[in-house]
Amino acid sequence: MGVLYASTEMKLVNGEAGYLLEDVPHLSDYIPHLPTYPNPLQDNPAYSVVRQYFVHFDDTVPQKIVVHKDSPRGVHFRRAGPRQKVYFKSDDVHACIVTCGGLCPGLNTVIREIVCGLYHMYGTSKVLGIDGGYRGFYCKNTISLTPKIVNDIHKRGGTILGTSRGGHDTTKIVDSIEDRGINQVYIIGGDGTQKGAAAIYQEIRNRGLKVAVAGIPKTIDNDIPVIDKSFGFDTAVEEAQRAINAAHAEAESVENGIGLVKLMGRYSGFIAMYATLASRDVDCCLIPESPFYLEGKGGLFEFIDKRLKENGHMVIVIAEGAGQDLLNESLQSIDEQDASGNKLLKDVGLWISQMIKAHFAKENKLSITLKYIDPTYMIRAIPSNASDNVYCTLLAQSAVHGAMAGYTGFTVGLVNTRQTYIPFNRIIEKQNKVVITDRMWARLLSSTNQPSFMSPKVINEVDKEQKPSTQL
Ligand SMILES: Nc1ncnc2c1ncn2[C@@H]1O[C@H](COP(=O)(O)OP(=O)(O)OP(=O)(O)O)[C@@H](O)[C@H]1O
Ligand SMILES: O=P(O)(O)OC[C@H]1O[C@](O)(CO)[C@@H](O)[C@@H]1O
Ligand SMILES: [Mg+2]
């Protein structure tokens, strides 16, 4: 195998038959002669029964699992898990955990399992919670975290540490890490947070500090690339069913009833798409990736008219980022941003409700009853469900194993159902989006029987722009 360092950030390892490992940085890449220690897990009775508990140094996971007989082996990521040797003595570990960005089911579970993993698996006893996101590093007091303190936090929604947008000041954050003597930093957050984590890792490396930086990707939007799915997504989709059920009951119970549900998803329509596929009561799903129009032949109004005539009621699910171009045209408003620089969206649910009502009221076309349900924050402020709880536990443990083994500048994530370490660069280079020329969107169209609202010419253009997304 040949090792290729394309830059200080990318660590590529070439192998035979087109094998490529997109490796993660290691503390020993920039600090020579680091001592190693036997992994304390080898004496842990809980794990002693497992044959080959430690992950082999050469274990990697392929990004693509569908291959042809002569395909190159392609991109691989380092398999996550405990290593035979660790780079920190248990007593020397001084870890911290921070949560940033919007809420997501499972945040507290990840916090709990990092703390318990560090204490119970590695015998460490110094873990700090950073209060209120990135700015908490330099303008707030820290919170001491012990297994007792975090014992039942996984049953609560939100984050016990608090969170925020904006306030990322790399120099001040790394000064604070250095001043406090922190040597493992666990950063839980979405795409913006992972960009911030990459900047912190780079500054730590520039200063030559023995500090491991591990990212744990969180977002209900599922807009983080490479990974199979982000934690909290399943819980959010499940909770969205309650809103869709309510919309369906309301619509079904009156003549020409329309139930309209707006779901989160700023740039990616995964929640709307999966909630629609799961429910089977939805007649039309609108997402940011699939443009649509209202008036005229093949437009949304024509479809509503048709469905009401066929069924007497209908349910529409709209992602909050859908149709923003139409909304901006119609309201002629200016763009606003939140503290992190994310575009602040107009309420497309309210707008489209008004447009639909106005359309059918015009010339007394049809008497409709429209109920608009906006469960926005309800789907993300809840505790994680059972499957997300298990997922969060594995992610947290993988992050702890990785940092203890001296890896840094990585995000943990599931790739083809295996826990892996992915370099920050790959995680932050683009956003994961629904690819509307993929099979999944076709499945949705065939389940709702809605039109694609797009001409073949537009589909071709979209095809050129979009590459296949991460499979869920
Ligand atoms: N390019 C960047 N460089 C450094 N820090 C960033 C960058 N983008 C965002 N951040 C910081 O990351 C934190 C979270 O970012 P953001 O508000 O975009 O949420 P997020 O992590 O993307 O989560 P979500 O969008 O899912 O709620 C903020 O404190 C923000 O200042
Ligand atoms: O209102 P807030 O907290 O800024 O967050 C809203 C955004 O956060 C997300 O939930 C992602 O975390 C998006 O779906 C949504 O657009
Ligand atoms: Mg984001």
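Cβ coordinates are placed from backbone N, Cα and C, and glycine is handled just like the others.
TrEMBL does not curate its annotations; it predicts them automatically.
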_With Arg165, Gly166, Gly190, Asp191, Gly192, Thr193 listed by TrEMBL as ATP-binding, which of these, Gly102, Gly106, Gly117, is given for the same site?_
Gly102
*Which of these, Glu16, Glu22, Glu113, Glu320, does TrEMBL list as part of the substrate site with Thr219, Ile220, Asp221, Met264, Gly265, Arg266, Tyr377, Met378, Ile379, Arg380?*
Glu320
*Largest pairwise Cα distance, Å, within the listed substrate binders Thr219, Ile220, Asp221, Met264, Gly265, Arg266, Glu320, Tyr377, Met378, Ile379, Arg380?*
16
*asked:* At a 10 A cut-off on CB-CB distances, which of the binding-site residues Arg165, Arg380 has the highest count?
replied: Arg380
_Taking the Cβ of each of the binding-site residues and counting other Cβ atoms inside 10 Å, which one has the highest number: Gly190, Gly265?_
Gly265
*According to DSSP, folded down to helix, strand and coil, what is Asp191 (ATP binding site)?*
helix
_Longest CA-CA distance among Gly102, Arg165, Gly166, Gly190, Asp191, Gly192, Thr193, per record bound to ATP, angstrom_ = 13
